[in-house]
Amino acid sequence: MEGTRAPSKPPQEEVIEMHNGDIIKGDTLESEIRLTSEEQELQAKLERRLVWKLDLFILPILSLMYFLSSMGRADLGNAQIAGLTLDLKISPQQYSNVANMYLVGYIVFQLPGTILVRKLGPPLQFGCAMLGWGIFTVCLMKARSYGDLMGLRFLIGSAEAFLEGSVFYMSFWYTYHELATRGAIYFSTSALAGSFNGLIAYGIQKSLTGTNGWAAWQWLFLIEGILPIGCAFIVILLLPSTPEKGHFFFTKAEQKVAIRRSRMTHNPENAKLRPNLIYKPLFELRFWLLAAIYALNHFALTSLSNFLPAIILGFGYTAVRSQLMSVIVFACALVGINFFAHISDMTQKRGLLLIICSACTALGYILLLVITNDKGRLAATCILAFGLYPTVPISTTWITTNMAGYTKRGSSTAMINMISQAFSLAGNQAYIDPPIYRKGNAAAMSTIILHGVVCVILIWVVKRANDKKDKLRTELPQEDLARLRAESFDIVGDRHIDFVYGY
């Protein structure tokens, strides 16, 4: 082997070429015991450099995409108190329907938006999605009726559904021990977007109302539609596709490490869409428990995102002041996301952290329902946002790490999201009693308590499944065990004998 090495290659690249075949055989990672201590150190250094590049290049682009998507999702709440419902004579029930039309479009295109990400190519799929929802958001400024709002919000939701594959895409590049922290950074942009929406709406209402003959809400849709249109071209031109396809930002040696890491997260070589496996998760208890967890937190989360400015308005603040106060709540959400997700990656205890988040959120809702002091109610809203927002990146990581195989992971992620958006529809419909929204807050509190209970059940279920696999590995004859270990992760998924469920 020594004679085949090119003298100009750095030592790190030699290590990968020498041992790549030993480390990866089909879908199975072999022991790296044959690496010398010096080679292990070089390989670790190369991997650290790769992760640094991923954090510097891929994660910011994905976060920018989600930031703009979250702005587009939540700007309706800011437009509402900036005069949209008054100008177009929209009733509270009609406003809930308009908010829901976004979710209808999102649900309809959720599955293709996730499982087609390899086929369409992440840069093209995500970039075109941004162009779509940006154009439709700009069109909202010309809406003149309830019907216009319904149709355009459906189209915006349909376009943004094709961005949902970005969570799936992240698992191509990051390992299980890295996903929650990166997912938190990615998802925390939704809290930043909420704050940014509030600041933009505050500035527009103070400075641009009536300028050029346009209302404040029209300026809001114009500005927030132009942003994703401009950024779409950055995504199309710069975002890497998959580890296997390479990219100018990564060296050949780094690409090989990226491929090896992708195998570690059960992304098999030449993974492909297998139509016969798309709906198999529907027959598994773990799928439905994960779906329940994700759906229950979305009932509360989506309604809070859509109605937060109106909820704060009910505390007695002016419309302009309410926009500014929403920034404080989203800042608390941002802190909570990164705090809990970091602990989640450190401990690998996804279920326990979700239970703690549920308790924190439930406390916030209880205080919001019983306190009558305006400042106290604002503090309660901050507490519930601190606990509620982290449930999304942690539960998303729990889903991703407990579903293996390209088709199963992709379809499970999509179908769980579809179910969660259906619960989001229900959440929006619950908030129809302004200005206090007591019924909506009580319903959200109930779902988040149930969320914690389901987490306890799922922890028990996956522990039991792991125990069964441990027993099989101990009792099966070596010949049968070898046959099971030779099965492809892309086909058998998390049912593979060596797959360990996380909890």
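Positions of Cβ are set from backbone N, Cα and C atoms, glycine also.
Pulled from TrEMBL, these are the features on record:
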DOMAIN    58-503  domain 'Major facilitator superfamily (MFS) profile'
TRANSMEM  99-117  transmembrane segment
TRANSMEM  124-143  transmembrane segment
TRANSMEM  155-176  transmembrane segment
TRANSMEM  183-204  transmembrane segment
TRANSMEM  216-239  transmembrane segment
TRANSMEM  287-317  transmembrane segment
TRANSMEM  323-340  transmembrane segment
TRANSMEM  352-372  transmembrane segment
TRANSMEM  378-400  transmembrane segment
TRANSMEM  443-462  transmembrane segment
Quick tally over 99-117, 155-176, 323-340, 352-372, 378-400 of CB pairs under 8 Å to the transmembrane segment (183-204) gives the top stretch as 323-340
For the transmembrane segment (287-317), the distant same-chain contacts (Cβ-Cβ under 8 Å, at least six residues beyond its ends) come to 70, 73-74, 76-78, 80-81, 99, 103, 190, 194, 198, 201, 281, 323, 325-326, 329-330, 354, 361, 365, 374, 377-378, 381, 384-385, 388-389, 391-392, 395-396, 398-399, 402-403, 412, 415-417, 419-424, 426-428, 430-431, 434-437, 440, 443-445, 447-448, 450-451, 454-455, 457-458, 461
Across the domain 'Major facilitator superfamily (MFS) profile' (58-503) the predicted model averages a pLDDT of 88
